[in-house]
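For reference, Swiss-Prot has these:
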BINDING   Thr58, Asp79, Asn106, Ala107  S-adenosyl-L-methionine binding site
Amino acid sequence: MTETKEERVHQVFEKIYKRYDVMNSVISFQRHKAWRKDTMKRMNVQEGQSALDVCCGTADWAIALGKAVGPTGHVEGLDFSENMLSIGKKKIADERLDHVFLRHGNAMELPYADDTFDFVTIGFGLRNVPDYMQVLREMARVTKPGGKVVCLETSQPTIPVFKQLYFFYFRHVMPLFGKMFAKSYDEYSWLQESTLSFPGRDRLAQMFKEVGLTDVQVKPYSGGAAAMHLGVKESYDEESRNVTC
């Protein structure tokens, strides 16, 4: 029987979870932390707000959100890999963030009511889901009117020489790093496949608009190796005005 994308991705993350954080730093040359820090600055998270991190993995972004909203806020992280969540739960306990909660679940069907969170984020996870649009629709659904949907993801550089180097790195070097540091050549071969097949920045921005998000911002990082996409969910008052105009 043919293995689905969802099944394969689940197997990948259930296997590499122990070395995932180390490999993130190796693969991105530590730049992923700076990308997330700049993204958080652009989000302008305030104390007391609420956030959901979809495909939260080992909870680095959920932890950053938890620190930003403070003890009066509320943060949820959701992932379908229980092994990844086990690492995240330990990190949250070490940080003593009692207002950050992790849940096992599917990004394709978020177990939350409409209009629940001020922010809904996904970091380096959208490329791994079976249906990009379905996940974006779900993220928009659970975001409050006026709230923000944010994606930080690998991207595809457009500068000719850098683009060639980037593709060479992902096709040939990254799987070798996976074998060296995580003993997982096949798993990191899959991750490079998902990266190279992911939509470019312009297409992803259009997808944000297609699920009803407005004021879409795009910020490339490190020559386009990664990019942030941020969109705002219209308030119901704005939607009503648009209908009557």
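Using N, Cα and C of the backbone, Cβ positions are placed for all residues, glycine too.
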Secondary structure at Thr58 (S-adenosyl-L-methionine binding site) (DSSP, helix/strand/coil)? coil
Using all protein chains in view, find how many other C-beta atoms are within 10 Å of the C-beta of Asp79 (S-adenosyl-L-methionine binding site). 25
These are the binding-site residues: Thr58, Asn106. Which one scores highest on other Cβ atoms within 10 Å? Thr58
According to DSSP, folded down to helix, strand and coil, what is Asp79 (S-adenosyl-L-methionine binding site)? strand
